[in-house]
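Annotated features in TrEMBL:
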- 39-66: transmembrane segment (TRANSMEM)
- 56-248: domain 'G-protein coupled receptors family 1 profile' (DOMAIN)
- 78-99: transmembrane segment (TRANSMEM)
- 111-133: transmembrane segment (TRANSMEM)
- 153-178: transmembrane segment (TRANSMEM)
- 198-221: transmembrane segment (TRANSMEM)
- 249-271: transmembrane segment (TRANSMEM)
- 303-324: transmembrane segment (TRANSMEM)
Amino acid sequence: MVHINLTRLAHDCELHMSEQEVDKIERRHARLDKSTDSILLMTPIFSIISFVFSLTLLAAILYALLGRKIPSRKYSIIVSRTVADIFSSVLIAAASLFANSYSASYMVLALFLYICTFGVIQLTSSHIAVIILRHISVTRPYGFQSICSIRRLSLVVGFTWCLSIMYAASYAPMTTVIVDASKEDRVCPFHSCQRPLIITAIAIIVVSMFTVICSYGIVVAKMAQIAHSEKMHNEPEMTRKRMHKFFKFGGHLALYTLIVSLIFVGSLFILHNAEDYHQVNRMIAINCDVYDYLNIKLRLETIAGGAVLLWCVRIIFDVVFSYLSEIRLLPWIRLDNLQALDSNRIVSVRHGLGWQKGCVNCPVFNIENRLHALDFKN
């Protein structure tokens, strides 16, 4: 997308336009300036709020982990996601605070591209990792500790970051063109570079959303099957309780689906308007089609700015859902006072079995040892 000096272009084209056309262009340009001012005002506010929320959640998680109040394996993934949200909030805040009325359009387009690449991949991989952890804890409860060791989880977290960074880095040529459009023909032409990259990003967004939703549905169905089996065999219904808790994680996925769906729709509009922008931009110096240029630029700026604000809103509500789904994150809540833990207690485990004497029609063994709720926190 090529930068255009609107002041010089309007002066050159003014002789070829009627007064009505000039007035129409001035009104459209005023609307574009108003949209730019709104983006420059709202984006720093939302990004700073999301930064504060994410930083608070990270501190609460670390405090709860040190107090052994929450499962370390699951929350190692959530810590990684929270750090990514903090990084995104800082990047959005810094970019919007240093932008001006001239660079605002290109700033929000670059941030929109960042969200569609790094943001979506990082969030998707984090959700899938949590879903896989829950699946292993249900299907392989006795081997969960060894399968999901801290070392392996560290490798998973490192892989998600490397994947997100490498995928975002592959869009560096397009980011270069957005920042400095004079390099378009040399770095990333529209038809051979920009358009294929946008289509690829749209396809990966669809695949990511489909993968997360299907994975969650498969794990819930498996948990329901195991819970039914436990009930039929008159066993402690621990899987049903875990499934109810897993439903709370569905709040994060519902928010993810909503925001990513809107970003997907916005990406389609961006693709359509980018093609129109490219065509108008090539001919604007000849036919002085300034009005269409301003219209397309306004649409691109509005869509990209809305997506950036939605991403900040997603970060804020993810923090809220984290507190609602896990009350143990609140630092003033003592573990001994949690009623939720009482409902999750396992009655007993068969260690040190002994014969029952003087008993008729009773179990062969009695059960001696009882487990604490934290033994089953993962």
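The backbone N, Cα and C atoms fix where each Cβ goes, glycine too.
Nobody curates TrEMBL annotations by hand; they come from automatic prediction.
Residues 72, 75, 78-79, 82-83, 85-86, 88-90, 92-93, 96-97, 99-101, 104, 108, 301, 305, 308-309, 312-313, 315-316, 319-320, 322-323, 328-331 of the same chain lie 6+ residues outside the transmembrane segment (39-66) yet bring a C-beta within less than 8 angstroms of a C-beta in it. Outside the transmembrane segment (153-178) by six or more residues, the chain places 1, 73, 76-77, 80, 84, 106, 109-110, 113-114, 117-118, 121-122, 125-126, 129, 184, 187-188, 193-194, 197-198, 201, 204 with a CB less than 8 A from a CB of the stretch.
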